[in-house]
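Chemist: I have a structure I would like to understand better, so I am pasting it below and will then ask my questions one at a time.
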């Protein structure tokens, strides 16, 4: 085993010495120059990478990079450039006549002519010309355009020119008169007019034309609905505060406002007491017991169950007899009618139709004598409809100033801003402020049916609260 291990180790060390490039000290070591170079497949990507890292590949890359640099900087290879491009004849300095100092104006003009640095950065520094030859199949309709050019060349030899050329020549021969731009003295002063009035002077040229044509050609604006011209509420936007809300009110005005605020507070207190009375728990004597609850649940069930069986018992035998024994009328219908019976039925039917027609004619004749009564009934009906219409109109006018219910909540009037008699001061510096402008504007919008009343969103927990007892606490607890 030891010998085998030492042999393997010797092979591995000799291989590493050979790969390192140094001459080994072992007798089995080989000169790196005489070592055979390892070759591999060159048609695979692995071979391409190895070839690029070898000296020949690096030399080729450097040569190609040098060629590209010469093409970018000088426009071609320096070895192929002529002598005039590489050398010049020195005939002396050209700055002899420029010994004079430049003035500030000259310096400024030179600075203005000098291009900006940002423009120089964006300029193309490469001298390699852009490719101009485009293949024919890359141009859309190339064959068609080529045939067109050949056709126009043929027509040009015959003296016929394209339409665009003929139009250009006609414009040159007959130039149009240039219109002078109107100056401020040439403009006609137009009087002011109401933009929203019905007699708009801009609409006068469209008067008398077809409305459908004007709408389709977009020369006539869309007609605004009449409801957009009416306000949602006739209430004023800004309400004047009552006289009692002044910082220095009279005694009567202040007492009147205090009584109004007192009535509002009493009404609110009554509603709260009513709600509390309805939701209050009943007394011990009136509390519901288990027996009373069961009796209420069974209320009306026992009487209905006793009376339900009697009708069914009486109907059972009769229904069975009806199914067993057919009625005589049913037997008569099954028999075939004779010709005499059919003639009698037709005569009876014809007689009934004649009697009905005579009766209808008699009634129509009698209606002629009831014209006065019918007119009176129509007049009463029209008067009733007019009265209902007036009542609806009056109700609508009365509710015009009242807020409508636009959403889920009703409109609640704001509290009356009033100060007590003890809070009134004789100085504006010590006056206590009342109300809020932002809240007042929002309440005004709600009262004028412009926005719906809202309330603050209630907090609702999305998950259930879970109580967990910690293990450390559970172990310590006795």
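In case you wondered, yes, glycine gets a Cβ from its N, Cα and C as well.
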Chemist: Report which of 79, 93, 109, 427 appears in Swiss-Prot with the annotation phosphoserine.
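Modeler: Going through 79, 93, 109, 427 one by one, Swiss-Prot annotates 93 as phosphoserine.
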Chemist: Where does the phosphoserine label fall among 29, 126, 233, going by Swiss-Prot?
Modeler: 29
Chemist: Count the other Cβ atoms sitting within 10 Å of the Cβ of residue 93 (phosphoserine), across every protein chain shown.
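Modeler: There are 8 of them.
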Chemist: Secondary structure at residue 93 (phosphoserine) (DSSP, helix/strand/coil)?
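Modeler: It is coil.
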